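Q: Can you keep this structure in mind? I'll have questions shortly.
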């Protein structure tokens, strides 16, 4: 028979009493009434906030979007296949946030900032709210520094500044993504952090973009946020805000950032799907009433910060797809009215072999020449005027049989100017090369060449100028002015190269 030692028992009880920690926890718990199509209806979550994260019994996270008198409408961040009717749901008391750090550079992540490139976890000590308020008027300053895209047509006639929002709009397969990716490639060595957000794209298209960045060394300063076409609507809706939060992290650390949204119309479609399933009343094109606010609160986060906040910047390039050139549809008109200008890509120009297929006539930058260096302003003013006159003349010349010599010359000049705007994909040009190209065209040095020879001549001229007249590049990059000395050097190079080129062509 075992003997019970009273002192041992009393010691154990005393220890347990000392270790007892009286902690009162209030947990807000509800019950699943209905689940399906990425939406759950919850009963009993009385004190949940709008936009609060809720956790289901089997681990799925959701966002409380509809707060109704009898239940709460929650959108699921996952397939939610294991959620059962009657299971419990817990309110977390948190709003959606993501970890942020320098370690994200060079990585491919999803809308929840989890890596999807198979290269392990990303370390981060800080976190940011996915949705945070845009900088106010006092916190900003006007845009004055250029963000070079490397594309002559844009940098000369539709210039983009750091902190600007410029829409890239056009039909499918007109090179919209190519313009955006070329801009990222051109930021190499410019100390600009780039974020590329792919919303509802094909996984193969995203992989192609990532491969291009890796081959060209652009992933060193780029983060790719990808939610492909098979992702749940909730994650497609969140992806742009995740990208903006990452770009903001760098912006508030006195860095310059560039963010590409490809494309917000897919985000609007995902939001429409969520809203209709939540039984919100539909409006124009079945979009909910707050679809304008969906995009405005995203794009307003792009800014050029004032000196008190460190002069960082976030430049946004949203890409919107139109249906057979219709820019008067709901989402295109919304985004046009939010942004500071648009670059319009035309299917007709693309099919005619003019690539990048930028329709300069209806594209506009509301920042204008404030976002150009002085040297570019000096040579580019003439280009836009001559191209506009050429477009008008070309339409007229189709009906006229006999044209006078001056008109013929103007048409010939216009055709050569159009030729110099053509560029291969993933071949951005430096500002110095652009200035040299525009000057050569607008001052008539290409007029004596055949149209087919123009591009070959310009490529050879760029190489010749770089090797034989390096002072030209030094003058432009140091002074930012197209000085008389630079002009003289350029004229010499053009004459010398033209003689060599014409001799080569004879043999």
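Here the Cβ of each residue, glycine as well, is placed from N, Cα and C on the backbone.
What Swiss-Prot records for 170, 171, 172, 173, 174, 175, 176, 177 is ATP binding site, and it gives sequence analysis as the kind of evidence. Sequence annotations record features per position, and here Swiss-Prot assigns site 'Required for activity' to 363.
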Q: Where's the emptiest Cβ shell within 10 Å among the binding-site residues 170, 175?
A: 175
Q: Over all shown protein chains, what is the count of other CB atoms within 10 A of the CB belonging to residue 363 (site 'Required for activity')?
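A: For residue 363 (site 'Required for activity'), the count of other Cβ atoms within 10 Å is 21.
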Q: Counting every protein chain present, what is the number of Cβ atoms, excluding its own, within 10 Å of the Cβ of residue 173 (ATP binding site)?
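A: I count 12 other Cβ atoms within 10 Å of it.
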Q: How far is it from residue 170 (ATP binding site) to residue 363 (site 'Required for activity'), counting Cα to Cα, in Å?
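A: Distance (Cα to Cα, whole Å): 11 Å.
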Q: Name the residues of the same chain, 6+ apart in sequence, whose Cβ is under 8 Å from the Cβ of residue 171 (ATP binding site)?
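A: Those within reach of residue 171 (ATP binding site), by Cβ under 8 Å and sequence separation of 6 or more, are 321, 322, 323, 324, 325, 345, 347.
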Q: For residue 172 (ATP binding site), what is the tally of other C-beta atoms lying within 10 angstroms of its C-beta?
A: 10
Q: Please work out which residue of 174, 177 has the most C-beta neighbours within 10 angstroms of its C-beta, and give that one of the binding-site residues.
A: 174
Q: In whole Å, how far is residue 363 (site 'Required for activity') from residue 173 (ATP binding site) when you measure between their Cα atoms?
A: 18
Q: I'd like the Cβ neighbour count for residue 176 (ATP binding site), meaning other Cβ atoms within 10 Å of its Cβ, all protein chains included.
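A: Other Cβ atoms within 10 Å of residue 176 (ATP binding site): 24.
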Q: Could you say whether, by DSSP, residue 177 (ATP binding site) belongs to a helix, a strand or a coil region?
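A: Where residue 177 (ATP binding site) sits, the three-state DSSP reduction gives helix.
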Q: Between residue 175 (ATP binding site) and residue 363 (site 'Required for activity'), how far is it from one CA atom to the other, in Å?
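A: Cα-Cα, rounded: 15 Å.
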